[in-house]
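Undergrad: Shown below is the structure under consideration.
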Amino acid sequence: MDIAIQHPWFKRALGPFYPSRLFDQFFGEGLFEYDLLPFLSSTISPYYRQSLFRTVLDSGISEVRSDRDKFVIYLDVKHFSPEDLTVKVLEDSVEIHGKHSERQDDHGYISREFHRRYRLPSNVDQSALSCSLSADGMLTFSGPKVPSGVDTSHSERAIPVSREEKPSSAPSS
């Protein structure tokens, strides 16, 4: 078995380039000691190995894509059901709110809540917006784009979240 040896000076020199989970959206998941004291963990031992970091898309960070034909938002909401999610269009933005009451998990009781707001491009057809939640917890909000001269604005309205039985086909960056 090969064990990589990491010298403490190497990690400290590259400390600003190592990702930290402290400000990521790990809903209900615990922090590791290197999230709070990243430089201290490398001075403990040169043989110390960190846990594996998640990829950017697995970390709950949303992805916004604005192509020529459509506008799409992908958001990882795996801890929420469609009943826990509210999606509203307010003039030129979309608000996604998720909240579930306290429930028991492996480590005790937990309640979660988040609120996200995204600006919609001016040429998105707000009457054709859709929102779906895949089986693996990926929320997909999408709307087609129209030519520039068409009026696309509408008043405030809620977008229903439909449930898909298959995992998300969200492209990874």
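Backbone N, Cα and C define each Cβ position, glycine as well.
Just lifted these from Swiss-Prot, have a look:
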BINDING   HIS107  Zn(2+) 2 binding site
COMPBIAS  153-167  compositional bias 'Basic and acidic residues'
DOMAIN    52-162  domain 'sHSP'
MOD_RES   MET1  N-acetylmethionine
MOD_RES   GLN6  deamidated glutamine
MOD_RES   SER45  phosphoserine
MOD_RES   GLN50  deamidated glutamine
MOD_RES   LYS70  N6-acetyllysine
MOD_RES   LYS99  N6-acetyllysine
MOD_RES   SER122  phosphoserine
MOD_RES   ASN123  deamidated asparagine
Undergrad: Of the recorded positions listed here (LYS99, HIS107, SER122), which is spatially closest to LYS70 (N6-acetyllysine) when Cα positions are compared?
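TA: Smallest Cα separation from LYS70 (N6-acetyllysine) among LYS99, HIS107, SER122: SER122.
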Undergrad: Rounded to the nearest angstrom, how far is the Cα of LYS99 (N6-acetyllysine) from the Cα of ASN123 (deamidated asparagine)?
TA: 30
Undergrad: Could you measure between HIS107 (Zn(2+) 2 binding site) and LYS99 (N6-acetyllysine) for me? Cα positions, answer in whole angstrom.
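TA: Given the Cα positions, HIS107 (Zn(2+) 2 binding site) is 19 Å from LYS99 (N6-acetyllysine).
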Undergrad: Quick one: of SER122, ASN123, which of the modified residues has the smallest count of other CB atoms within 10 A?
TA: SER122
Undergrad: Can you tell which of the recorded positions (LYS70, LYS99, HIS107) has the fewest other C-beta atoms within 10 angstroms of its C-beta?
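TA: Each of the recorded positions LYS70, LYS99, HIS107 was scored by Cβ atoms within 10 Å; lowest is HIS107.
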Undergrad: Look up ASN123 (deamidated asparagine) in the DSSP assignment and report helix, strand or coil.
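TA: Once the DSSP labels are grouped into three classes, ASN123 (deamidated asparagine) ends up as coil.
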Undergrad: Could you measure between SER122 (phosphoserine) and LYS99 (N6-acetyllysine) for me? Cα positions, answer in whole angstrom.
TA: 29
Undergrad: Looking only at the compositional bias 'Basic and acidic residues' (153-167), how are its residues distributed among DSSP helix, strand and coil?
TA: 0 helix, 6 strand, 9 coil
Undergrad: Hey, does DSSP put the residue listed as 'Zn(2+) 2 binding site' in a helix, a strand, or just coil?
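TA: SS state of the residue listed as 'Zn(2+) 2 binding site' = coil.
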